[in-house]
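K.L.:
TrEMBL lists GLU27 with the feature active site, proton donor. If you look up TrEMBL, you'll see LYS162 marked as active site, nucleophile. The substrate binding site annotation in TrEMBL covers LYS89, VAL109, SER143, ALA144, ASP145. As annotated by TrEMBL, Mn(2+) binding site applies to ASP141.
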Amino acid sequence: MSARAYLSISGEVKAALAAGKPVVALESTIITHGMPYPQNLAMAREVEDVVRAHGAVPATIAIMDGRLCVGVSGEDLERLAVEGHAAAKASRRDMASLLAQGVMAGTTVATTMQIAALAGIRIFATGGIGGVHRGAEQSFDISADLEELGRTPVAVICAGAKSILDIAKTLEVLETNGVPVLGFGTEDFPAFWARTSGHKVDQRFDTPADVARMLAIQSDLHMGGVLIANPIPEADAWEASAIEGFIAQALNDAEAQGIKGKATTPFLLQRIFELTGGKSLESNIALVKNNAKVAAQIAVALSAQLASRPA
Ligand code: PSU
Ligand code: MN
């Protein structure tokens, strides 16, 4: 059986893809493991609205009922949000087992990219990517997201990487994997809650049309993913120094409680949410919406450019 036989694509997304209209993929681990209920459900719906408001069709991706679902909405989206941490967190290696067992799972950046590519979606918006964890020289904890970006031809619009990670090492691994890291209107790689990290991106691009031109060429060259880093809006940003104390505390707590492997990122996010009295979540939601807007604009520009090419 072909891999595509496992896809369940919603009617709206299928029609948009067939017509070459802009589509933006959205991940679901951010819903199940990245945010608490009910804010996760509100966020998921608002982000879809933002994509639509900017002229593209949203395609939330998840694994449900033994299917790779593209365009999850309505009651299914609610089921996913309510399930939360009780749902599985699908990394690349989990996919076949989850399909075999018919288990509900949020898809990480890595698996969302994989499923988006299978469905023919080129643009994907999220909050932050996984990366090289601090202390990786001991733990070897490097997110599968970085490997996937190297091989799967999907552009991921994010707000950089959180400083719960080692950003310098994350950028090194992206370089090793051949992943272009573009700054959208910035030369500095953003650090999720903060607009800068002190580390440089590879190239700065200032408009959706410029990014779309680069993506079309990347695709012509049969190369892999592209990471587009879009800083959190000024009004919602934190000073790096203001969040660092909370991150240090969360990392200490994770170590004290022996948190390891795939539980690490959800634990740190939850702890920082508690330590900031919920304020980290407000910023998180603001940056995801901002990424959804830019992703939709890039998707619109890319569709227009591809449609105007000689056949
Ligand atoms: N960062 C966030 N929120 C999230 C994640 C990362 O701010 O929800 C999720 C994404 O789905 C990402 C995953 O792909 O965590 C990375 O997990 P890991 O570090 O276990 O690879
Ligand atoms: Mn990990």
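Including glycine, each Cβ sits where the backbone N, Cα and C put it.
Describe the structural surroundings of these features, if you would.
P.N.:
Its own atom aside, the Cβ of GLU27 (active site, proton donor) has 30 Cβ atoms within 10 angstroms in the protein chains shown.
Non-local contacts of LYS162 (active site, nucleophile) by the CB criterion (under 8 A, 6+ apart in sequence, same chain) comprise GLY128, ALA191, PHE192, TRP193, ILE247, LEU268.
Neighbours of SER143 (substrate binding site), defined as other CB atoms within 10 A of its CB across all chains, total 25.
The Cβ of ASP141 (Mn(2+) binding site) has 19 neighbouring Cβ atoms from other residues within 10 Å, across all protein chains displayed. According to its DSSP assignment, ASP141 (Mn(2+) binding site) is coil.
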K.L.:
Which residues does LYS89 (substrate binding site) neighbour through Cβ under 8 Å, counting only same-chain ones at least six apart?
P.N.:
THR29, THR32, HIS33, ALA105, GLY106, THR108, LYS262, PRO266
K.L.:
Checking the spread of the substrate site as listed (LYS89, VAL109, SER143, ALA144, ASP145): what is the longest Cα-Cα distance, in whole Å?
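P.N.:
Of all Cα pairs among the recorded substrate binders, the widest measures 13 Å.
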K.L.:
For the recorded substrate site formed by LYS89, VAL109, SER143, ALA144, ASP145, name the remaining residues of the chain with Cβ within 8 Å of the site's Cβ center, in chain order.
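P.N.:
Going along the sequence, the neighbours appear as THR29, SER91, ARG92, THR108, ALA110, THR111, ILE129, GLY130, GLU148.
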K.L.:
Starting from GLU27 (active site, proton donor), work out which of the binding-site residues listed here (VAL109, ASP141, SER143, ALA144, ASP145) have their Cα within 10 Å, and give them in sequence order.
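P.N.:
Within 10 Å Cα-Cα: VAL109.
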K.L.:
With the Cβ atom as the reference point and anything under 6 Å counting, tell me which of the binding-site residues (LYS89, ASP141, ASP145) are near ligand 1.
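P.N.:
Near ligand 1, sequence order: ASP145.
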K.L.:
Checking the recorded positions GLU27, LYS89, ASP141, SER143, ALA144: which ones have Cβ within under 6 Å of ligand 2?
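P.N.:
Cβ < 6 Å from ligand 2, in sequence order: ASP141, SER143.
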